[in-house]
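Asker: If you scroll down you'll find the structure; I have some questions about it.
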Amino acid sequence: MVTFLQQVLNGLTLGCIYALVALGYTLVYGILELINFAHGDLVMIGALVSLSLVRALQDWGAPLPVALAGGLVGAMGVCVLVGVALERLAYRPLRHAPKLAPLITAIGMSMVLEQGSALIWGRGYRSFPDLGLTHSLTLGGVVISPLQGVIVLGSLSLLGGLLWLIQRSALGRAMRATAQNPVAAQLLGVDTERVITLAFVIGAALAAIAGLMVGAYYQVAHYTMGFMLGLKAFTAAVLGGIGNLSGAVLGGILLGLLEALGAGYLGDWTGNLFGSNYKDVFSFATLILVLLFHPSGLLGRHAPEKV
Amino acid sequence: MIACPPRFKFPWMLLGTLILPWVIEGLLGRGWVRILDFALLSVLLAIGLNIVVGYAGLLDLGFIAFFGVGAYAYALLASPQFGVHWPLWAILPTGILVAASFGVALGWPTLGLRGDYLAIVTMGFGEIIRVFLNNLTAPINITNGPQGITMIDALHLGTWSFARPHRLWGIPLPALVGTYYLFLLFVLLALFLSRRLEYSRIGRAWMAIREDEIAAASMGLDTRRLKLLAYALGAAFGGVSGGLFAGFQGFVSPESFTLQESVMILCMVVLGGMGNLRGVVAGALLLAFLPEVLRPLGGWQQHWFHRVLIDPSTLRLLLFGVTLVVLMRWRPEGLLPSRARAREWHTS
């Protein structure tokens, strides 16, 4: 039972990070019907930038909260710039091109971001500075680190804030209108290009936060880390119903739980033949199964292709 | 807008390709003939990916996985790993079958969905296959994990081994040149099949799907079956290339099959011109030689700046990314476009 609860907690932590990244995919997809392959790489950039900044600020003698805040703000700034540049350079010029074109530029940009980061941070694994949040709490045998608490509470409040923004604010209304029918929204005075840029800005900022979290959680960052993370977050978005914000959150948390429990228990059941070394396979199998049996996802509506 | 297949300038082209390895060996040395052999395998891969991306207009981002499947099929059927040593003519069809089945299995879940999903599923598969190759060592050791499989039988037909030099009518035939002719045979066969497909009923149906899937379906085309056929055929070409690669190199490991390789093949097809065989072959040859062209850059940097600022392999991958973005923006039809394809890109 204790193991079970421990795995649930670990899965929840992981799931919250997936959810933050999945929101970036789903925001852009909801509006542009475009899979932004380079989104995972934004998380990687967020992790590496915050790693460098936190380390530099700590070396400079700044106390931990200041260093963390500095790292977070810096990473968000860089990611937002990269995200907007991505949209301007790679996606906007191709808005009316055949569907294949933005997919190809997306994979091209992903390559550029990865190799560019390899140039800046090197090809090796970079260890994340020790945040000193090691005073773990033990609740009935379940070990909770303060970092896990920060990740779960932080991402849930961010998700709440985002849902409020989309459902209640004027900007959110403009975004929903653009997603529903860009031409009609434009006729009614919505600056759709601005809305699209904002979707990238929000997605990139969330990716930066997720990058800091994932870097601090695993204490390591690497220029290719965005790939698998992006694939899992995309799976989460599809599982929840792509284009649906609450769906992305639900999908992320479910996928995190599935991965933690699957890796934990399948290994035990099969005598470690099929354990955590296959954990990346679980999310992929989930993606295939969802696409096969319920491609609109848990909360998504079936959207027939428009002619 | 279907024209007849353009006439192939057969004798001159063929003569040129036949004497090419001798010229290269004379001018640049034997090392370059080996590079040329590998380049032919890339051409074979690019021809395969062109069926999926160029003809059917679907994006496959994990194409190298089919190459990997073919390579491991050869490695397992002709090495001491299981102690079996099948002949080439039995392995290659097996590899084709296995790779094509993987192609169908991956394409199947995305059939009713937008093309983007195929891209992400194949991209995921390209990574996942490495997880399996790295871990299928227990309960029985199939893939030998990260160390890969070594001591793979050399390519041979009967008693004729392509790993050894021969003497034909008194003329010495180096092993690498013999291998070149074997690979060339496969490339020519692939070109022939691909061209026949392009102008067949199936090829025209693919083109219709590419231009407008809904319209194609309303005209009575069975789009699901046609798309599956494209995945399967593309994967089959990848499988053949992988099998030849394993036999040529004598060694396979999971590290040869990464996303970067998939992007490189995509880049070959896009750069040359999606849907046009001549362009695809040119693009594949161009990019296959790129690492060799960039290699001296490391030494020059060392010489001028006393350290390597940007190592050639990073630069190569950066160039792939930039090429894809720049081409899609300004010349989506590629350097040597097919006429139909160029028209499509510029009218939509």
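Glycine is no exception: its Cβ is also placed from the backbone N, Cα and C atoms.
Since the structure is predicted, the reported quantities are computational estimates derived from the model, not experimental observations.
Per TrEMBL, the features are:
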type	residues	note
TRANSMEM	A:12-32	transmembrane segment
TRANSMEM	A:64-88	transmembrane segment
TRANSMEM	A:100-122	transmembrane segment
TRANSMEM	A:142-166	transmembrane segment
TRANSMEM	A:195-214	transmembrane segment
TRANSMEM	A:220-240	transmembrane segment
TRANSMEM	A:247-266	transmembrane segment
TRANSMEM	A:281-300	transmembrane segment
Asker: For the transmembrane segment (A:142-166), which stretch among A:12-32, A:195-214, A:247-266 has the most Cβ pairs under 8 A?
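Answerer: Between the candidates A:12-32, A:195-214, A:247-266, the best contact partner of the transmembrane segment (A:142-166) is A:12-32.
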Asker: With pairs closer than 6 in sequence left out, are the transmembrane segment (A:12-32) and the transmembrane segment (A:247-266) joined by 3 or more CB pairs under 8 Å?
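Answerer: In this chain the transmembrane segment (A:247-266) contacts the transmembrane segment (A:12-32) - 3 or more Cβ pairs sit under 8 Å.
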Asker: So what's near the transmembrane segment (A:64-88) in sequence-distant terms, Cβ-Cβ under 8 Å and 6+ beyond its ends?
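Answerer: For the transmembrane segment (A:64-88), the nonlocal Cβ contacts are 36, 38, 42, 45-47, 49-51, 53-54, 57-58, 109, 113, 129, 131-132, 196-197, 200-201, 203-205, 207-209, 211-212.
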Asker: Taking a Cβ cut-off under 8 Å, which residues six or more beyond the ends of the transmembrane segment (A:195-214) line up next to it in the same chain?
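Answerer: For the transmembrane segment (A:195-214), the sequence-distant neighbours (Cβ-Cβ under 8 Å, at least 6 residues beyond its ends) are 16-17, 20-21, 23-25, 27-28, 30-32, 36, 39, 42-50, 68, 71-72, 75-76, 78-80, 82-84, 86-87, 92, 151, 154-155, 158, 162, 171, 174-175, 178, 185, 221, 225, 229.
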Asker: Which residues, given as numbers and ranges, are at least 6 beyond the ends of the transmembrane segment (A:100-122) yet have a Cβ under 8 Å from it?
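Answerer: Cβ under 8 Å, 6 or more out: 34-38, 40-42, 44-45, 48, 52, 82, 86, 89-91, 94, 221, 223-224, 226-227.
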